[in-house]
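The structure under discussion appears below in the form of structure tokens.
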Amino acid sequence: CTFQILLFSIQITYGPFDPILHDKVQFPSLYQVAPRFSSLPWGMVRLMVHFGWTWVGLVVSDDMKGERFLLDLTREMARNSVCSAFTKKIPSGKFNLYIAQGIYSSVTATSAAVMAAYGDAGSLSLLRFVIENFGLSKMVLITTFHWDFTLSMTYETNSYDFHGTLTLANHAKDVPGFRDFLRTLKPAKYPEVIILKEFWESAFDCSLSLPEKSGIKCSENASLEMLPVHRFSLTMSALSYSVYNAVYAVAHGLQDLLLSNSNLESLENGDCLVPRPWQLHEFLSKVQFDNPVGEPVFLNENHRSTAKFEILNFVMSPSGTCELVKVGEMDPQAPPDQNVFINEAIIMWPGGSSQAPHSRCSRSCGPGFRKRTQQGEAVCCYFCVRCPEGEISNQTDAEQCVKCGEDQYSNMERDGCLHKAVTFLSHKEPLGLILVCTSLSFSLLTALVFGIFIKHRDTPIVRANNRNLSYTLLLSLMLCFLCALTFIGQPTPASCLLRQMAFGVVFTVAVSSILAKTFTVVLAFRATSLGSRVRRWVGPRASTSTVLSCSLVQVTICMIWLGTAPPFLEVDVHSEPRLIIVKCNEGSVTAFYCLLGYLGVLALVSFTVAFLARRLPDSFNEAKFITFGMLVFCSVWASFLPAYQSTKGKATVAVEIFSILASGAGLLSCIFFPKCYVILLRPDRNTREWLKRK
């Protein structure tokens, strides 16, 4: 039975997918075989990003398709920080030399080494003219399958101008038997196909007619595989692959229609069943099958998948043969790290280069730098700024520098973070070791003086200078020297609480002992003139009361300090850019300066009283030695305050330790060394007769 299929109301397009044709209101009976190419702009930009091309020229056809593609492409470029060096629109079907000159001027004026073109062969014929006639062969051209510039190449065309061109082609598989079919295809085998005869004569530049007509008779051994790729390729193109699928889709639709007997009508003579055109729509819309190469085919728009792409490289050898070499694939639906595969080793670039060209408005900013956009310029045109201290960039073309962690600092290259060194005044470093040795030496020296006073406790010079107060002062000075050791070493919460309190209380005991000694000397001479009423305040009870009452005030200040805002351990990561300073925070600065202030008041009172009593008879008073000692003490702590405020880190701790040791050493040397000199070296003066004589 012969079937007559009336398809004048049914259309199946095998060309590139067009969103306009997807409108079923305007085209209710039109079906598209090709997959969607909505990801074509993505594929172009992905290719640019892969090779680091961020400065690219754009040429599109001046029509609705070109406008839509340009809009999608520029959006995708913006998302991936790729900029347009220039944009040119070519009117379709108009060959204008002025426009050609404009394209040439734009290309030569830019630093871009890559140009992307979109449009069919007709609309981009002007661009081809510019490339072939103005010598732009060193620029990489990115095209799509819409512009198959190889179809119309002739021997006269300088195909080398397109050498290195990259084309995004629709993914197509080799159909089994297709190459063998083309190899054996000859006009004699299909004499009824007139177009085959015409193509054969044109391709081989010969004549299939009798020799007496004209031209060279075609060889019987001629084969299509003998033609160069720009004339004919044995590989099925993407367009041919769509035609192949369209034919199979119609065949499947007809088969489903014929198998549905209820939808067929017999002719009047009953010899043949004729399907109505409108009846085929139902089956075409449901067509779904795997073609002979195993790929699914749909005519239903809702089931059509996004197209995969092949990356083809147009290569022309020195011998003049040219071909399209597959160098990679793209799959928009694959995971981000697997959606592009490119074999860069086999790509041939324009100009014979073995490396991909650089196409950037500005040089890349290496690690340690960030990009700063120039005002009024595209985002791809920038200059490089070194990352500031504490920030790094470990990648090329970083938009922003990244701050290192609080416990890290940036290296010299600003491309990596290093861990900060933990620092404190340690006894292992030279300064700490010197301070430890000095503290221990003064402590031992004080203990030695104390031992001398104990041994010679019954001598006149020891008894004459209030023996018990001297013992108290020596013990407190020895503790002052030892309390300096609590400032050395890694701070702990316990040491932070102990050291300032111990320093304040022990020094208060020492200064109050000196104050008691000066009061004793003054009152001793007052007693001789004022009688027994003053003599009551000269005894040991009065001295002890003075020391205890003065020390109790300092203890009260310390207790209030501990109860309100006690010192605590602090890890300072901000004061020094490369150091973590482990230190003790005073907690309450007010309480700390109250402690020092009270100590200063006691010292000034002691100095004043001793200064006033310095002219009393030398045999019975040590006021002039106390005056010198308190002068050293006050000088040291007066210079301590500005030094303490201007230093930070372990230098602050060293300043306080130095002040403790210097002031304690001043008191020890000025008050006790003269007595030790008399006791050890001039025993003849350590007698009652000598003192009475003085």
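These residue numbers are counts, starting from 1, taken along the chain as shown.
Heads up, the Cβ atoms here are built off N, Cα and C, so glycines get one too.
Here TrEMBL flags 431-694 as domain 'G-protein coupled receptors family 3 profile'.
Among the features that TrEMBL reports, transmembrane segment is placed at 431-454 (among others).
Sequence annotations record features per position, and here TrEMBL assigns transmembrane segment to 469-489 (among others).
Per TrEMBL, the feature transmembrane segment maps to 501-525 (among others).
What TrEMBL lists as transmembrane segment is 546-569 (among others).
According to TrEMBL, the feature transmembrane segment maps to 589-613 (among others).
The feature transmembrane segment is assigned by TrEMBL to 625-645 (among others).
What TrEMBL lists as transmembrane segment is 657-680 (among others).
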Should anything in the same chain at least six residues away from the transmembrane segment (469-489) have a Cβ under 8 Å from its Cβ atoms, list it; otherwise answer none.
424-427, 432, 435-436, 439-440, 442-443, 446-447, 449-450, 453-454, 462, 495, 498-499, 502-503, 506-507, 509-510, 513-514, 516-517, 520, 543, 547, 653, 656-657, 660-661, 664, 667-668, 671-672
What residues elsewhere in the chain lie close to the transmembrane segment (546-569), defined as a C-beta under 8 angstroms and at least 6 residues from its ends?
469, 472, 491-493, 496-497, 500-501, 504-505, 508-509, 511-513, 515-516, 519, 582, 584-588, 591-592, 594-595, 598-599, 602
The transmembrane segment (431-454) vs the transmembrane segment (625-645): 3 or more CB pairs under 8 Å:
no
Could you tell me what the rest of the chain brings near the transmembrane segment (589-613), counting residues at least six beyond its ends with Cβ under 8 Å?
500, 504, 507-508, 511-512, 514-515, 518-519, 521-522, 550, 553-554, 557-558, 560-561, 564-565, 621, 623-624, 626-627, 630-631, 633-634, 637, 641
